[in-house]
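Chemist: Okay, handing you the structure first.
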Amino acid sequence: MSEFLQHLINMLVLGGTYALLGIGLTLIFGIMNVVNFTHGVLYTFGAYIMFIVVQQLGLNFFLALPVAVLAGWLLGAAIELTLLRPLRGSDIDTTMLVMIGAWIAMQSGTLWIWGGVAKSVATPFPEAPLVLGPVSVSWLRLFVLAAAAMLILVTYLLINKTSLGRAMRATFQDHDTASLMGVNVDMIYTSTFAIGSSLAAAAGALLGPVYVIFPQMGDLAAVKAFAIVILGGLGNITGAVIGGFILALAEELGAGYVSSGYRDAMGFLIIIAVLIFRPTGLFARAERVG
Amino acid sequence: MTRALGLVPAIALATALFGGAAAAQTIKIGVNEPLTGAFAASGTYVVNGAKIAADEINAKGGILGKKIELVIEDNKSNPTEAAAVAEKLITSDKVPVLMGAWGSSLTLAVMPKLMEYETPMVVETSSSGKITTTGNPFIFRISPPSAIEAAAFKNIVDKLALKKVDFLVINNDWGRGTAEDFSKMMKDKGITIGLVETMDQGAQDMSAQLSKIKSSDSETVIVTTAVDQLTLIFKQAAALGLKKRIITTGGSQNPDQIIAQAGAAANGTMHLTTFLPWFPDKTPNPEATNYFIAEWKKRGFDFAGCTESFRGYDGIRTVAAAIEKAGKAEPAAIKAALWNINIKGLNGDIVFRKSGPEGKESGQSQPNVYLIEINEGKIEMKTL
């Protein structure tokens, strides 16, 4: 029983960051319809910003987090302005190829700047874990869960309760009508991509100190983010959050009770199952086609 | 203007010719190591150790009157890349001999290429038994296979009063091979084997496996993986309140790095290593060990890397000794000469003995294995 409780606690902590990765990608992949291969690199980028600010500049850990989010926002905006804007209206394959190129170039860039050897970031949290009866959890991971929950809430409110969010939803439902209604469509494209990117950077900044930081760390994260988005239904924020927790649960229980060798295969098994039984995702709204 | 432009290809040609002539003055040694990916830290240390050996040899005038030149390629911690890189080194760089490829799965992927191109390779780190038992006569290994580690560990299991043991190993030839060899030895000693958990080489979160191990009734966990994953395991085990004795194998732990990154969580852990940089006087070749450590520090490298980098140092010295003995830098001659060398390695004499099926034996030297314990942040040697 205590093992099961421990798995549940691990699932909560892991799920929070998966959800953060998922909502960032669902904004870009689901709502904007861009197959964003740079999502994992933005995740890596956020982690390296933490490394620069905390380890190299010696500044405060909590200050580094908003810096990483802002840096992710700026890099995302730059990608949208330089790569995606000229390609708007071109077919999905062209965009996909350009994004694959951007992914490879940026990953090689991180390798070139920081080298392949993993870096770690010191945190202000105590080493001794919080012990609750039979289960224990590190303070750092609790903080990560709380920060992820806050970011998810902010994103949810931004999309559903603000005029920017309304303009975003309008733009991606019907680009021309939104434009006729006075929405600055160009600005909406850039900010949506930037927000999605900043969430990926935030996830990397939060998880970098938990694990270690290296140039390829984003690859597996990106694959998981795609799994979460497909699981939750394209463009569905609530779906992405729940999808993140389902993936974490499947990995924890899969590793704990089935076979630890297949832990990272769980995400793919889920994608296959979802595509067979509910191709639009678990939480997709009924959608008009065509 | 036209005439000036015409000069450019002429200069380029001359440079190429001259460059080619300069290259012929060196003896190339191919180095196939993971410089990126899951084993980047370890592979980089090995390459830095190899460079110390090359510089030392060249400072003394090189071999056969020529300088040696390391052609270093990154196998990206990926078996497919390791094989591709080996092919590139042999066919395009024309190296007569290789050193590599750090991980067992990486080395196993390179082995068919060695057969294809009949080029020998000195294996400096890999510990899967399969490498020297499948009948590849181009393999010369200076690192201990996991069966040698298990045999060395055998003498201390009674003193440690092991009763039930779990395993947490990297999910590749190295990890699975170690679990197999150690389980066999322990079963013979009457020790019960509990869980055998695996983790992907790139996995960063081992909490699920550790939670499972925490709930088992064993008192000891044997962990096999490289340093980056090990430090994560120590941190995550501490966060889960896992209170079992942890023993690591494989010699790629860099204990100082574990102390630095895992702090108090490292206390009481034991590690099977293949080098003793903390006690140079207890190594088989103190003079060389002291020289190597001094040179390592002089170059500004992290002391923690010594337990890994010495392999690259020994590997290149092994290759150089064979080329010297062969009298020419050709694959077949080097392969024959490797059987006849006897050099003082940092971890014992490097003399190759035959291993594997008759007629196509691989070479295996008999390095030492040590057990150390981390106690209050200090490294202590245990007698095996």
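Backbone N, Cα and C atoms are what each Cβ position is placed from, and that goes for glycine too.
What you are looking at is a predicted structure, and each value in this text was computed from that prediction instead of being measured.
Pasting the feature list from TrEMBL:
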type	residues	note
TRANSMEM	A:12-31	transmembrane segment
TRANSMEM	A:61-84	transmembrane segment
TRANSMEM	A:96-118	transmembrane segment
TRANSMEM	A:139-159	transmembrane segment
TRANSMEM	A:188-214	transmembrane segment
TRANSMEM	A:226-250	transmembrane segment
TRANSMEM	A:265-284	transmembrane segment
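Can you tell me where each of these features sits in this structure?
Modeler: Beyond its flanks by at least six residues, the transmembrane segment (A:61-84) meets 34, 38, 42, 45-47, 49-50, 53-54, 95, 98-99, 102, 121-124, 147, 189-191, 193-202, 204-206, 209 of its own chain at Cβ-Cβ distances under 8 Å.
Non-local neighbours of the transmembrane segment (A:96-118) in the same chain are 34-38, 40-41, 44-45, 48, 51, 79, 83-84, 87, 212-216, 218; each lies 6+ residues outside the stretch with a CB under 8 Å from one of its CB atoms.
Panel annotation: around the transmembrane segment (A:226-250), residues 10-12, 14-23, 25-27, 29-31, 152, 155-156, 159-160, 172, 266-271, 274-275, 280-285 of the same chain, lying at least six beyond its termini, place a Cβ under 8 Å from a Cβ of the stretch.
Through the fold, the transmembrane segment (A:265-284) approaches residues 223-224, 226-227, 229-234, 236, 238-239, 242-243, 246-247, 250-251, 254 of its own chain, all at least 6 residues removed from its boundaries and within a Cβ separation under 8 Å.
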Chemist: What else in the chain is close to the transmembrane segment (A:139-159), if you only count residues 6 or more beyond its ends and a Cβ gap under 8 Å?
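Modeler: That would be 12-13, 16-17, 19-20, 23, 27, 65, 123, 125-126, 129-130, 165, 168-169, 195, 199, 202-203, 206-207, 209-210, 237-238, 241.
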Chemist: So if I exclude everything within five residues of the ends of the transmembrane segment (A:188-214), which remaining residues of that chain have a CB under 8 angstroms from its CBs? That is, six or more out.
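Modeler: Result: 17, 20-21, 23-25, 27-28, 31-32, 34, 36, 38-40, 42-51, 54, 61, 64-65, 68-77, 79-81, 84-85, 88, 116-123, 140-141, 144, 147-148, 151, 155, 158, 164, 167-168, 171-172, 178, 221, 225.
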